[in-house]
Amino acid sequence: MTVQPIRLFGDPVLRTPAEPVVDFDAELRRLVADLTDTMREQNGAGLAAPQLGVGLRVFTFEVDDVLGHLVNPVLDFPDEEEQDGPEGCLSIPGLYFDTKRRMNVIAKGFNSYGDPMQIVGTGLMARCVQHETDHLDGVLFVDRLDGDARKEAMKAIRQAEWYDQGAPPVVKLSPHTPGNPFGLGR
Ligand SMILES: [Zn+2]
């Protein structure tokens, strides 16, 4: 079982640009397996490495029964066509907002063995590839919303039951008391 916990909105790792993969080794393939298993267990269309706390440019996808992964993706847009529709994120569970994306994308990158590969995506696949590549740049889909829609989304996130309101301040009773003396979790 290689299902891993998914980092949620508010975790700094989701805001940190990921590093390009240099070593196409067994460790990378283990990461791809973890991403795949976790994505499928959560019925997600895609999952990016930072969502498992790993700062590498890798994501997995499963759209229209096409399962795969892409390492070090570079996106190219063959035309100007756009799409608008509901989008969600496993790091922002239960919330969906209409998000504008490009309709068509060509994503170039590598598989976990370092072989060049390319995804020509349209519609949902194109949306997924853009969403996951954003994760690798520390960008979340709510950042793509404009004005009022973004404010509404942020409000909904802050009200979500999973949202971490911030750990209580650590009270040190004496310099010899390590950490939080009351053992209060988050
Ligand atoms: Zn996401």
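Just so it is clear, glycine is given a Cβ too, placed from its N, Cα and C backbone atoms.
Automated prediction, rather than curation, is the source of TrEMBL annotations.
For reference, TrEMBL has these:
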| type | residues | note |
| --- | --- | --- |
| BINDING | CYS89, HIS131, HIS135 | Fe cation binding site |
| ACT_SITE | GLU132 | active site |
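All features noted in TrEMBL, drawn onto the structure.
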{"residue": "CYS89", "record": "Fe cation binding site", "Cβ neighbours (10 Å)": "27"}
{"residue": "HIS131", "record": "Fe cation binding site", "Cβ neighbours (10 Å)": "23"}
{"residue": "GLU132", "record": "active site", "Cβ neighbours (10 Å)": "27"}
{"residue": "HIS135", "record": "Fe cation binding site", "Cβ neighbours (10 Å)": "23"}
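Calculated from their C-alpha atoms, the gap between CYS89 (Fe cation binding site) and GLU132 (active site) amounts to 9 Å.
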